[in-house]
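First up is the structure itself, then whatever we jot down about it.
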Amino acid sequence: MSTLSTKEPLAAIVGPTATGKSTIALKVAARLGAEIISVDSAQVYRGMDIGTAKLLPEERVGPDGRPIPHHLIDIVDPDEPFSVADYQKLARQTITAIIRRGHLPLLVGGTGLYYQAVVDPYRFTPEGGDPRVRQELEELAAKFGDAYLHEQLKRVDPEAAKRIHPHDRRRLVRALEVFKTTGQPISAALAWRRQQESPYHLAAVALSMPRPLLYRRIEARVDAMIAAGLIEEVSRLLARYDYRLPALQALGYKEIGAYLRKEIELEEAIAILKRNTRRLAKRQLTWFRRDRRLHWWEVDPDKIEEISAAIADFISRTIDINVE
């Protein structure tokens with residue numbers, strides 16, 4: 001592969017859950033000689049397979065049966081700390097390695113923060129943070145609840161408070177930690193990032209789908225996960241790990257975990273999981289709609305071949321790829 005740009009080429013297929021990103025990405029990767037880099041904050045964890053819709057190794061193949069390399073899947077255990085800064089570092093190293101092999105790196109997934117940490121010049125400061133400040137904030141959250149941290153963040157960084165969910169403890173702690181250790185709001189770093197140019201020659205696609213169809217697919221996906229053994233998967237994880245770990249608060253694992261602890265009935269857990277997945281899809285759409293560099297494709301499940309070919313052609317023309 002060669003490109004006319006002096007920047008490293010990078011392609012991406014992002015969008016809400018259940019829009020068919022994995023299926024389309026395999027076809028696009030096969031056409032372009034690409035290697036896929038997962039952009040999913042839950043697929044990094046080993047043992048979390050069904051609930052994250054992780055493709056099995058034998059499913060990571062193109063239409064001709066040839067393997068499509070996948071990266072940043074199954075890289076840490078659920079009890080290992082892993083941050084967006086860790087992801088950024090590994091993803092950028094992987095991008096460079098793929099290009100050196102003469103292939104195109106293709107980001108695929110729906111975790112908006114991970115995606116933007118790679119394609120934009122995100123700065124993570126202070127490096128490593130301050131464990132004492134972090135511990136203090138964790139203790140405040142345990143004593144007064146996540147909503148208390150969110151109120152504190154509103155006072156010092158209202159822009160960040162708008163972006164961070166009131167119950168996303170990890171990100172609330174991080175935002176307050178940055179303010180307490182630097183005196184600067186974390187939103188200032190985001191504003192700086194928005195003013196800078198991407199370090200990559202980017203061809204980025206986002207997938208969408210009519211909402212009624214998307215919601216039907218979400219319902220069917222959750223039912224399929226239950227049938228495939230999600231309850232057993234969560235049970236195995238809870239036998240080894242503390243359910244309060246950030247990894248096990250991921251979508252699917254939190255709801256089924258509550259059922260296994262007998263806090264709710266299975267029927268209620270499934271209904272909550274479907275509702276939370278719909279809410280996730282809405283948040284993902286909102287996040288990606290803010291990025292004007294994304295070129296949107298509405299997915300018709302009956303026209304996957306045509307859509308995949310069109311996306312591959314768009315990427316090829318945008319980056320001026322010559323596949324060798």
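Placed from the backbone N, Cα and C atoms, the Cβ positions cover glycine too.
The model shown is predicted, which means the values in this text are computed figures rather than measured ones.
Range with Swiss-Prot annotation region 'Interaction with substrate tRNA', chosen from 16-19, 40-43, 120-123, 156-159, is 40-43.
Of THR17, THR19, SER22, all annotated as binding-site residues, the residue with the shortest Cα distance to THR111 (site 'Interaction with substrate tRNA') is THR17. Look at the region 'Interaction with substrate tRNA' (40-43): DSSP puts its residues at 0 helix, 0 strand, 4 coil. Look at PRO16 (ATP binding site): DSSP puts it in coil.
Scoring each of the binding-site residues (GLY15, GLY20) by how many neighbouring Cβ atoms lie within 10 Å, the top position goes to GLY15.
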